[in-house]
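Colleague: Below, the features straight out of TrEMBL:
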| type | residues | note |
| --- | --- | --- |
| COMPBIAS | A:1-14 | compositional bias 'Low complexity' |
| REGION | A:1-20 | region 'Disordered' |
| TRANSMEM | A:31-48 | transmembrane segment |
| TRANSMEM | A:60-81 | transmembrane segment |
| TRANSMEM | A:88-107 | transmembrane segment |
| TRANSMEM | A:130-148 | transmembrane segment |
| TRANSMEM | A:157-175 | transmembrane segment |
| TRANSMEM | A:195-215 | transmembrane segment |
| TRANSMEM | A:236-255 | transmembrane segment |
| TRANSMEM | A:261-277 | transmembrane segment |
| TRANSMEM | A:282-301 | transmembrane segment |
| TRANSMEM | A:364-386 | transmembrane segment |
| TRANSMEM | A:406-427 | transmembrane segment |
| TRANSMEM | A:439-458 | transmembrane segment |
| REGION | A:469-495 | region 'Disordered' |
Amino acid sequence: MTAAATPASSPATAGERPGVRLARSRRNAELSLLLLAMALVAAYGAMVEANVLDTVTPNFWVPAAVLTAVFLGIHVAIRFLAPFADPALLPAVALLNGLGVGFLRRLDLGNAAPEERADLAIFAGTGGRQLAWTLLSVLLAAGLLALVRDHRSISRYAYTLGLAGIVLVMLPAVLPASISEINGAKLWIRIGSFSIQPGEFAKLALLAFFAYYLVRKREVLSLASHRFLGIDFPRGRDLGPVVVVWVISLLVLIFQKDLGTSLLYFGMFVATVYIATERVSWLLIGLVLFFGGAYLAYVLGKSIGGPFLNFSVRADIWLDPFAKPYDEGYQLVQGLLALGTGGLFGAGPGGGQPTELPEVQNDFIFAGIGEEIGLFGLSALLVIYLLIVERGLRAGLAVRDSFGKLLAGGLAFTLALQVFVIVGGISKLIPLTGQTTPFLSAGGSSLMANWLLIAVLLRVSDAGRRPVTGGGKVNRPSGGPPEQLHGAPTEVIKP
Amino acid sequence: MPELVITVARFGFLVLLWIFVFTVVGVIRRDLFAGARSGRLVAAPRTVGASTGQASAKPAKVKRGRAAHQLVVTAGQLAGTRITLGEAQITIGRAEDSTLVITDDYASARHARLVPRDGQWFVEDLGSTNGTYLDRAKVTGPTPVPLGVPIRIGRTSLELRP
């Protein structure tokens, strides 16, 4: 702590304390918020046991304590590795993750036979596995913070990351269905009892590539353009590689039958281009393309079926879920009923019947939680997501280089879009597409990828909030020659 | 478990959840409203800055109001960026090792620098092609920068804020 604060608080010659306002590292605020979040998680665990078991067992606090230890670990890591990182990100994410683990454990309790309920082991069941995944994910996030000391060094591997992203996206589509298919979606790599969803990681890799490429091409994009119908369109050859990446990932995803993810990639792409070029025309083009594509997929699914059938079925369910409440519409109807049963204040943690909901540990976790904490609690969770996204965008605003801005802005937007797609899906605002709810849903890949995302945001926000200390030398990239020296004057600077 | 305890705990949990939300908002409030607060500032007259250097005998209260703590980009591609000022100089230009790397077509690689001297910041042009302007006047030598007066470099504008 003292090491972190010294450059900021050393008094200047004239007696003021420059930089004292925003330069505080605020790690103590993070610590207290984190402890508050963990107290909430422990309270949630106690209430679940009180409702499900009718008594609070003496070791109700153990999962919360394990989580607290894990998050305190990364908190200490942040103190050393990214002392000026945003103080609100970690506690907010920790709360969501902790409530997710608590809810999954509650599902295990609900599914277990009544006599076994009292002595459910800590790492048993879905909740226990999620706890183990949390441990691993937080370790990975700390590892990323230790490995990447300057977010700009990511840009040096941009093309490698782009290639890795494409390979990760395509891998499950190419592999035989016996290895890659779960519930009709070819998104997985299954090794024994483990399954990995490489698309979750591809998201991060592709975004890093987009950010790097668009930073390099930004000046071309904003200067060379065709004006058509009052909108400036960039030349095709400047955008070629990005469009190619997008089309490939989209094609693969349609054949992997997972429209939620393809929507996520598309939104990510449009948002990154918009942030890079600051042109509203890109949003318009994106929206038109998206709605046109969705309608086309719906019509094609109605007429020829094939790979589009999945989407048209889902759109029909969305238009009228109560038409077939016991077949296709069953999941959505149950989700809506759960949210309705929850009402304003919910049935209380452990008081609902989330085990009646199909896939409640994955896609429908928000409906399952909603039944028990009600609209009042759900809106708190949504506000927490909102705050995480706001902090991400703020990190993008604060950082002083374009790559960091695009990276943080794009990552924050991706997180927001993912929450929108799944929460919109279960609340019947948009057609339901399979997505994990970030930090809440059961699943190691999603949790790991989202923790890595948070690690990158922490790194960028650290760079943005760090006070300037050593003249121009602090921000020197660790490798490679400066790129834009062609305009440099040759004269000697007099002191 | 008595019904009353469960009910109290149920609502208590929701209240605690919102308390958490508002505590987080409280922690980041400074950042959330930082833009709005500095937007109310009135630009100081240009002569004020120059005298601040010798004014170390003045009461601390007055000085604190006039000391620059932040450099804010108000226009251009980096608009919204804030740099917290320390004791070190700030270099501005397109070169990657500048403190503030601006991707502005009209900026030179090493365009200008801001140097603190006795609590006052001076802007100095580093032989740029298109020049540095303090408000409307071209900067020729080290010039004291008052609070809230725009430094213009190409399409980018910067301001010192308290």
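Count begins at 1; order follows the chain as displayed.
The backbone N, Cα and C atoms fix where each Cβ goes, and this holds for glycine too.
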Colleague: Is the transmembrane segment (A:282-301) in contact with the transmembrane segment (A:406-427), using three or more Cβ pairs under 8 angstroms as the rule and ignoring pairs under 6 apart in sequence?
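Modeller: Judged by the Cβ rule, the two regions do not touch, with the required three close pairs absent.
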Colleague: Do any residues, 6 or more residues outside the transmembrane segment (A:31-48), come within under 8 Å Cβ-to-Cβ of it, and if so which ones?
Modeller: 56, 60-61, 63-65, 67-68, 71-72, 75, 87-88, 90-92, 94-95, 98-99, 101-103, 105-106, 109, 348-350
Colleague: Residues of the same chain, at least six outside the transmembrane segment (A:282-301), with any C-beta under 8 angstroms of its C-beta?
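Modeller: Counting only partners 6 or more residues beyond its ends, the transmembrane segment (A:282-301) has Cβ contacts under 8 Å with 231, 259, 263, 266-267, 269-270, 273-274, 308-313, 315.
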Colleague: Within the same chain, where does the transmembrane segment (A:157-175) have neighbours whose Cβ lies under 8 angstroms from its own Cβ atoms, ignoring anything closer than 6 residues to its ends? I mean 6 or more beyond.
Modeller: 186-189, 198-199, 201-206, 208-209, 211-213, 245, 248-249, 252-253, 255-256
